[in-house]
């Protein structure tokens, strides 16, 4: 059971870190494309394959071209609000929810609750102000 808790905790932490890592060379046309790229990179580990499948661009400049405004550094309040509207819980906690449906153990239920609370914390007004001021 402790092994499952560790795996689930690492999965949650990795999903959040993948969305917050500094990677200014990848520009994506939407938040959905950015999320897909990050998930692909985490699962597959091949940046070129993930770029090709997500419609993102790998650029050498520090500014994304027109139409590709969702670079990783664009974590302003508007981007956080849009991410929260699209469903932080469904995108970040989706794998845990599937696991919960197949194995409704106390540990999995607790991890789903922690993931949901993490999304709630990120999506509150106070957290958005902190991101805007950072």
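Here, residue 1 is simply the first one shown, and the rest follow in order.
Cβ coordinates are placed from backbone N, Cα and C, and glycine is handled just like the others.
Taken from Swiss-Prot, the feature disulfide bond applies to 27-64, 28-56, 40-50. Sequence annotations record features per position, and here Swiss-Prot assigns signal peptide to 1-24 based on sequence analysis.
Overlay of Swiss-Prot feature records on the structure.
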residue	record	CB count, 10 Å
27	disulfide bond	24
28	disulfide bond	24
40	disulfide bond	20
50	disulfide bond	21
56	disulfide bond	26
64	disulfide bond	22
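DSSP assigns residue 50 (disulfide bond) to a helix. Of 40, 50, 64, all annotated as disulfide-bonded residues, the residue with the shortest Cα distance to residue 28 (disulfide bond) is 64.
Residue pair residue 27 (disulfide bond) / residue 40 (disulfide bond) shows a Cα separation of 15 Å. In this structure, the C-alpha atom of residue 50 (disulfide bond) lies 8 angstrom from that of residue 56 (disulfide bond). Counting only the Cα atoms, the space from residue 40 (disulfide bond) to residue 56 (disulfide bond) is about 12 angstrom.
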